[in-house]
């Protein structure tokens, strides 16, 4: 799941690998075992990786909301503070009741309460008393994308007199965040009617229609409690007393706008092409009556007709009768599973009449709504360990140093070997034990923790502008490595706090505890001074308190020494300490804003300086000619194209005439190209050396690239094993037809088999061939390869549907696998793409790149109950994408090589990979699967859910602090009905293609997790973008390195 700019709220829910599921027993049997476990590493890991980040995401959304309230209040008071409104020569006080019309030509402001004041932001350029300017063509079309739901096309011009264009964006952003919190279904409509009042033309006059008071009161009632979470009430500039209701005047047909007054609620979604859900969400009209819960409340399916041979769910969905009373929730509300006749020998009857398979009883999952399937269950049946007092706990809680059984029996008879410290671990001051590389397989000298206090260079980008450059670990938060610190909650929290400007030296303080200064002489930490900690806490703790969080316990200031202490040195900032981290942009005013907000089209600095000098050259960046995209110079000529026309990878080298250019732009002699040995450092001189050439007769001739020239392969001495090698090398499966075709050309280019090719032990075909020898048969090889079958589900019973998702039938997703490590168990989902190859996301291996600690489990549906179809393979190789960056969670993909081939069965078989040019269209429906969280727990059974593909442009609107790139796919629902949760990281997003084959298009990467309704859709790594890289890496590992 990288830590340069601070992480967006939505990213914090997608941690680097999911935690081991905290096993669930019967509620009565479990007692308080789990609640007592908060101090243990297992549950603490669950809290840090799941609950806290999700809460933090919600919290930071509220912090952002708070900042927008403050911004709007500032704009309001700046414009209204001391400037009385003059109407007909009289000075008005505060709180005038508006008639809810804004006239360009004349005023219609009521003077019933002359002591009231009209907020300046609700007036247009002409003051109400100014009748000197008539404008009969003041209406203009509404083009703002956030307000397309408005049922009218025209608004007034000029718009709000005191709200500049950038402030208008902030004004609407305030309502956008309220909308995401779902406090009132029409809150966005309310904001848009304020920003763009409907333009009504009445003869020579034009006036605007403001919201009705009842509309305002409904919005206030729904959202004031949300604002209360950040210690704000309904803003004064939105007070409802200034608006009028329709019934208060009869001489004007329409004096205010209300959603109830429109003829047909569909108009609220605009222009008739959209559908208004009962929840207030607008969806494209084409999604109505398509069998999917796009509205979150099934209102888009409520009035749809089913044919006579289909079952009509209470949700409105139509089902094949074969899916009724089969134990699976196909309707989404269990209406297809009620009042069923259960087989008493094979099925359990739930209280609502649903029948579930007997093997689901006492398996640790509550499959019945009334939980009757988990009553009177033994610990063993649920995969748990029984305490002496009958309490059930997970097996990993045994002998871990914490008493989880109330009688303490889980810590009895524990030998030294059973403790968390294993042979070879180092015992350290701040952590019970550390392995020699801090959990990392990249065991370079800087990572070595053999003496647990060795100084190492600072590599955490967040803190690379400190006045010192060496640190040692573990740090004051207990992080064992800088990589672990980079993916921690604290490395996201402090940069977000810095933006609030709560304390000038907060960033310096946070870095002194994230990357403590290391004394090069003693190897010991030099801590921050107590005063620095106390000042940071005093000024910034209140900001956390606003959203219900506490100052991190690990930063207890009493542990740090006083300044000028006689017996210990400590750190205090001097006047030259940089206030903003490298992950921030420093405004001219000194304010720090996230670097990702620099030049994003929206002013975040109070002096707007983050939107100045935004040209690529002005920011010392390289500009793509085609789309003016700005790139860092470090990605130019790095072998990975970033510009749409690949211009960043052109003209990167100047090879001689007898040389060819490698993919990384190095130069290698032509004679060395495709000679069986890698001469380019990236092995690109050995890529695509064997191909098939199709002529007009559709015969596939085997071609070999040698010294920049194509050659035919002579048939002399050819054997079937060579056809197998050729097809495998090209990634085309097994050979089905091999032919020897007579050559018609007079002087063909031949490559012939080496005389003793069988003893060469070559791994590629082209290294077994030689040039310069005659072909006696004058015949060339024609080859037809049969691709390995993929994407089939022979064991699946069709038609089924993770947060809002459903339990999946065994064998339905035979490519789904579980990436596991000891002792944690399931960490991430993964996908089988070939007999020996698996895909997952790169962030699952953050700090855990050692292949020896991983295994892959396939053919399993219930994590807690081994299956007869289950296959387990150890991991041989882990290949992370070299451009993977946690700072933006981009290039989030990795390839895993298994220790041996899988045995292909109906329950274990690979999925198909897409073609590089095969991209998903918006509003396509696909499936996600995994063992992610369903509400408040991680299920044992594999879950599945349908999701709709969302355009990248629409997706970007949900993520202000992240950039959605072409390496990503967005999927989910505006309502957040179904989306992948934490444990699904690395799991598949698959779509069914014609012929019943399933193709892998995405890997669950980041985005919305537990609060998808708040944070928008899920974000997936775009497999289509990476197909060439995937195939290249498999080829290199198979033929060039092995």
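Just so it is clear, glycine is given a Cβ too, placed from its N, Cα and C backbone atoms.
Per Swiss-Prot, the listed range annotated as transmembrane segment is 46-66 (candidates: 25-45, 46-66, 67-87). In sequence order, 616, 619, 621, 622, 623, 624 are the residues of the chain that are 6 or more apart from residue 630 (disulfide bond) and have a CB within less than 8 Å of its CB.
For the domain 'LDL-receptor class A 3' (341-377), residue counts in helix, strand and coil come to 6 helix, 6 strand, 25 coil, using DSSP. For the pair formed by residue 463 (disulfide bond) and residue 245 (N-linked glycosylation site), distance between Cα atoms is given as 56 Å, rounded to the nearest Å.
Closest to residue 651 (N-linked glycosylation site) by Cα-Cα distance, out of the active-site residues 843, 892, 985, is 892.
Within its own chain, the domain 'LDL-receptor class A 6' (615-653) has Cβ neighbours under 8 Å at 599, 661, 663-667, 682, 882-883, counting only residues six or more beyond its boundaries. Helix, strand and coil content of the domain 'LDL-receptor class A 7' (654-689), in residues and according to DSSP, is 6 helix, 6 strand, 24 coil. For the recorded site, residue 1022 (N-linked glycosylation site), the DSSP three-state label reads strand. Spatially, by CA atoms, the active-site residues 843, 892, 985 include one closest to residue 331 (disulfide bond), and that is 985.
When the alpha carbons of residue 282 (disulfide bond) and residue 414 (disulfide bond) are compared, the span between them is 59 angstrom. Among the recorded positions 350, 413, 469, 843, the ones whose Cα sits within 10 Å of the Cα of residue 518 (disulfide bond) are 469.
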